[in-house]
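Here's the structure, in C-alpha cells; my notes come after.
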Amino acid sequence: ENTVIQTCVVACYGLAFSVIKLNLKLTSSVFCRNILSLTGGFGSYMIAMDERTYKLIGADYPGNRAEDIKNPGLGWMTGFLFVVSFLGLFSLTPLRKVMVLDYKLTYPSGTATAMLINSFHTHSGAELAGKQVKCLGKYLSISFIWSCFKWFFSGIGDSCGFDNFPSFGLMLFRNTFYFDFSPTYVGCGLICPHIVNCSVLLGAIISWGFLWPLISAHAGDWYPSGLESNNFKGLYGYKVFIAIALILGDGLYNLIKIIYISAKEMCNKSTKQSKLPIVNEVIDNESSKVLAEQRKRDDIFLKDRIPTWVAASGYVALAAISTATIPIIFPPLKWYLVLVSYIIAPALAFCNSYGTGLTDWNLSSTYGKIGLFIIASLVGSDGGVMAGLAACGVMMSIVSTAADLMQDFKTGYLTLSSAKSMFVSQLLGTAMGCVIAPLTFWMFWTAFEVGSPDGPYKAPYAVIFREMAILGIEGFSELPKHCLALCFGFFIGAVLVNLLRDVTPKEISQFIPIPMAMAVPFYIGAYFAVDMFVGTVILFIWERINQKEAEDYAGAVASGLICGDGIWTIPSAILSISRINPPICMYFGPSLNS
C-alpha cells in the first residue's frame, strides 16, 4: 500500500518536475523534488514563451519576434498537460522486465525508497532487519542534521556554503572539481556499481579536466570570446551537444541490441542466456534464502504483466489525440511534426530511463533541447520559436515520466508490489498532477513576478530556452566551430565502446567504462562525480574490511544519506517561501598579496 501511494504521489509531483528546468541540483527524495518544483518555477519552457522573457532578451534581438509570445494561462496549460503527460507511461511499459530484471539497473532513488518502505514492514530476518532499520535511521538523522548545518552557511546566491567548497584548490574548483559534501551523491555512490561510479569520474576527467579547457583555449577562434556561460554559440554549445551525442550513441546501441535479441529469441524458442550490455550482478551462492527471495520477487514482478497490446494501443490512441490537439494550442507546431516527435520519443525515453537507472540523473531537459533545436530549425523564422518550445515540452514530458515510472517499477520489484496496481496508481497520480501542477504554478504566477531578474523566482532557464529556440531557427551552422565533428566522433566512440564491452571476455569487459554514465558530467559538472567516487571508495574499503557487513548495511547507509538530505529540503523550501535567508555566506577566494 505504501509503495502504491508513493507511486501516485511521485506521478503527481513528477509531472510538475518534468516540465521544469531549474538551475538547481536534482536530488533523490520523494518529497524534495516536489518542493523544488513548487518553489523553483513551473515549466521554464512555458515561461520562455511569455512577454516578460521576450522583453528581457530584447525586442531588437535577431530572431526574437513579438508574434512568438504566449502568456501562461490556466486553461491551455491544463489542457496541454492532459494531452502530453500520459504517453510516457505507455512508451516503455513493455520493457520493464528488460530494464529491471535483465539489465539489473540500480535506479538508486527507487532502491532507496524501497529500502525505506521495507524497513517498516519486514517480517523475515527480524534481527538483521532491526539492525538495518537502526542503521538507516542513524544515517538519515546524520544526513538531515548535516544538511541543516550546511544551510546556515549557504547565504544568498549560488557561490556560498559547503556546496562550493574548493576541496582541491581554486583552479580545480573553477573546473567544477570539488567535493560538495552532498550526502545524496555519496549515498548514490554507495548504491551504484563501482564501474558506474568510475565511469562517471572518468567522464568528468575527460570533459572538465581536458576537453573543455582545451576548447576554452580556442576562444576567439572556434567561438566568440566573452560570451555568457549559457550561450549555445560558445562553450555551452559544446557541453550540451557532445553530451547528447554520447547519450544517444550509448542508448541507441542498447536499444538496437534489445530489439535484435528479442527478435532472435522470438524466432528461436530454445532461449539461451542473453549477453546484454550491462553490468552483471554477481550472486553469491552462500545463502539459498537470498536466491529464493529473488525468485519470489521475479515471480511477483512478472505475474501482473501489462499486455504489450494495451501499452501499444494506449500509446497510439493518446498520440493520435495529442497530434490533433497540440496544433490547436500551438498553431506553429504542425500535426506532422507532433507525429514525428511521438515516433522517435520512445527511443529517447529508453535512453533516458537507461541513464537514470545507472546514475540516478533524469536528463529529460537534455532530450527536450534536442526536440527544441530540431523543430525550431525545421519550422524556421515564421513561428519556429513557439514550435520549438512546445516540442521541448512534449519531449521532456514523455522521457521524464517514462524514467519516473521505471524508478517506481524498481521500487515495486523490491517491495513485492503489484505492477498493475502501480501502473494504475501512476495514471491516477498523473491525472491529479495535470490539475494540481498548473494551479500551484498559477498561485505563484499571480503572487510573484516569476521570471523577473529582480524577483524571488527568477526562472533563469526561461531566457536560455528562448535563446536556444532562436539559435535553432538559424540552424546547426550557428553552432561553434568543429562542434558537429566532435559530436559525431563521440557518438561513434560510444558505439565502439559498447561494442568492445560485448565482444571482450567478462574478465576484461567489467573494467570497460559505460559511455552513458560518462556523459552525465560532460553537461552537469565534475562535482557530483567526485561525490559518487567518494561513496564507491568507502564501499570498496568496507568490502575489503568486512564483506558480509558491507552487503548487509551498505544499502541502509546509502538510503539514510539520500533520504535525510532529501527530507531536509522540506523545511528548506518552507524557509525559502517565507523569505528567510541563511544568515551566513561562507565564500572562498584567493588570498590577497601583501
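Note: Cβ is positioned from N, Cα and C throughout, glycine not excepted.
TrEMBL: automatically predicted annotations, no manual curation.
Values in this document were obtained by computation on a predicted structure and should not be read as measured data.
Feature list (source: TrEMBL):
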- 74-95: transmembrane segment (TRANSMEM)
- 195-215: transmembrane segment (TRANSMEM)
- 235-256: transmembrane segment (TRANSMEM)
- 306-329: transmembrane segment (TRANSMEM)
- 335-354: transmembrane segment (TRANSMEM)
- 385-406: transmembrane segment (TRANSMEM)
- 427-447: transmembrane segment (TRANSMEM)
- 483-500: transmembrane segment (TRANSMEM)
- 520-542: transmembrane segment (TRANSMEM)
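The stretch from 195-215, 335-354, 385-406, 427-447 that makes the most Cβ contacts under 8 Å with the transmembrane segment (74-95) is 385-406.
Note on the transmembrane segment (483-500): residues 237-238, 241-242, 244-250, 253-254, 277, 476, 509, 512-513, 515-516, 519 of its chain, located 6 or more positions outside it, place their CB under 8 angstroms from a CB of the stretch. Most Cβ pairs within less than 8 Å of the transmembrane segment (195-215), among stretches 235-256, 306-329, 385-406, 427-447, 520-542, belong to 520-542. Counting residues 6+ beyond its ends, the transmembrane segment (306-329) has Cβ neighbours under 8 Å at 76, 79-80, 83-84, 86-87, 90-91, 93-94, 96, 335, 338-339, 342, 346, 390, 394, 419-420, 423 in the same chain.
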